Amino acid sequence: MTASTSVAVGCAVGIPVGVGIIIAVCFWFNLQKRYKREEQDDRELERAIYDESGFVSFDNFGPLRDSKDEAALASSELKNPDHTSGSSEGSAHPEEKDGKSRDQEKPLGKKNSKYYVPAYRRKINLLQVRNNNYGNNARQKSVVDLPSINNSSNVSLSSSQRHITKRQISVYDQMVPVISDEGPKFFADPSSDTNTSNDQNKASMIELKHNTRQSINENLIRKLQNQDFGSYYPRRASSSFLNGNISNASFHTRNSSITSVNKRDALEDVFATPKSAAQSQLPNTFDKDNEGIDADHSVKDSRSAITDKDKDIYKLQNNYDVGNIGEIAEEDQYENEFTNYSQSKREFIESLRPK
């Protein structure tokens with residue numbers, strides 16, 4: 001009972017496992033054959049791609065041909081009775097030659113049915129057969145009186161073997177594109193008249209480019225000269241001048257903060273104690289300065305003069321006045337026509353008062 005049980009269990013387990021292993025081995029062999037076939041097809045495709053003669057000239061289809069197709073073509077040429085003698089071929093009718101060439105094309109297309117041949121390879125082989133037949137017919141018609149050695153199969157075999165050259169460098173790797181600078185003149189017909197006209201046009205184009213570049217540079221220089229890179233605010237033209245007793249080391253304020261309020265007749269020290277007499281003469285000096293503005297900034301200065309007359313006039317002064325002790329001057333030493341925050345402070349205080 002134990003022996004029969006072990007045999008039954010072994011058969012029940014071993015037979016399915018063995019059958020599965022056999023089936024897996026069969027599938028593996030089929031897969032390996034398929035891989036080999038695909039590798040061979042890839043090699044043929046690479047040979048067709050990296051073949052220079054197949055892309056440059058369409059008359060040389062030798063490198064694109066398979067070795068088995070070459071053997072079939074050689075055997076057909078050996079068995080072909082058309083190559084036996086040139087005189088019989090010359091006397092034959094052209095319609096009979098066309099019929100023979102068609103008969104040769106049909107078996108070549110149906111040969112090697114055991115192996116897979118791509119459609120493009122079949123077309124190439126048929127074209128090669130036609131080209132060979134046309135070349136042989138033309139050669140036999142032109143050379144009729146020569147001996148039959150010229151039309152033998154040895155010549156065709158040597159010529160076909162001469163064309164079978166394996167090249168691993170593609171045409172696209174050797175091409176260097178050349179593009180003309182003139183554009184539409186690249187496809188123009190070269191001639192003596194057009195060459196002279198092209199030279200003249202080229203010279204005129206170079207001169208035009210030079211002139212446009214020069215005009216662009218001049219415009220850029222003019223714009224840069226008109227720009228004001230020295231101050232954040234736009235400058236105002238003024239005819240007043242600085243005081244001579246101010247040293248360059250201690251004078252750090254802007255020119256526009258002093259020159260707009262200085263007098264021409266009697267210049268005073270801006271760092272000295274201000275006086276009431278000097279302050280009373282400020283409107284007259286301010287009017288004189290407004291009259292000396294240049295013609296280029298007349299519109300801007302007229303607007304600024306109207307606004308400046310309405311505003312309070314500020315002068316660089318200290319925070320005390322001997323003549324007017326009861327009034328405290330809260331003006332800053334570095335205040336100018338752009339940083340008039342004391343006026344803003346007064347306006348703010350006035351706005352806080354009840355109306």
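These residue numbers are counts, starting from 1, taken along the chain as shown.
Heads up, the Cβ atoms here are built off N, Cα and C, so glycines get one too.
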Per Swiss-Prot, the range holding region 'Disordered', considering 184-206, 207-229, 276-298: 276-298
Segment confidence, the topological domain 'Cytoplasmic' (30-355), expressed as mean pLDDT: 60
